[in-house]
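Chemist: Checked TrEMBL, it gives:
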- 3-117: domain 'Thioredoxin' (DOMAIN)
- Asp36: site 'Deprotonates C-terminal active site Cys' (SITE)
- Cys42: active site, nucleophile (ACT_SITE)
- Cys42-Cys45: disulfide bond (DISULFID)
- Ser43: site 'Contributes to redox potential value' (SITE)
- Pro44: site 'Contributes to redox potential value' (SITE)
- Cys45: active site, nucleophile (ACT_SITE)
Amino acid sequence: MYLFGGLLMIDNKIIKLTDNNFNDYIISCSKLILIDFWAEWCSPCKAFSLVLDKIVDEYINLIIAKVNVDDSLLVTKKYKVKSIPTSLLFKNGCVVAEKIGSSSFQEMKIFLDKYLL
């Protein structure tokens, strides 16, 4: 993990968001943002993480961020995340779509293309 523009990066392309930085980042970002709510102990989350690694390379106009539900209880509660993985798609600070559960690369492409094309 390293810092980029004041944000902690999980790798060189995926941002780590927390209760402390979530609102500031979401509100200030004009790009489409896919937020993955996940946990270390969640096996489907780990599998979905591999899909996100491919998605981040495929969609250069999409920002991908992760929120660890165990570390960010306020954000998790605010967006009523009850199951993980849950993906929320934000545009101009508002949720425009939600996808619950792990998805394949192709399923995510179909989901994202509705908002990016």
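Just so you know, glycine gets a Cβ as well, placed from its N, Cα and C.
Because TrEMBL annotations are produced automatically, they should be read as predictions rather than curated entries.
Keep in mind it's a predicted model, so treat the numbers as computed, not measured.
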Chemist: Across all protein chains in the structure, which of the recorded positions Asp36, Pro44, Cys45 has the highest Cβ count within 10 Å?
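Modeler: Its Cβ has the most other Cβ atoms within 10 Å: Asp36.
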Chemist: Cα-Cα, whole number of Å: Asp36 (site 'Deprotonates C-terminal active site Cys') versus Cys45 (disulfide bond)?
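Modeler: Spelling it out, the Cα of Asp36 (site 'Deprotonates C-terminal active site Cys') and the Cα of Cys45 (disulfide bond) are 9 Å apart.
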Chemist: If you average the pLDDT over the domain 'Thioredoxin' (3-117), what number do you get?
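Modeler: Here the mean pLDDT over the domain 'Thioredoxin' (3-117) amounts to 91.
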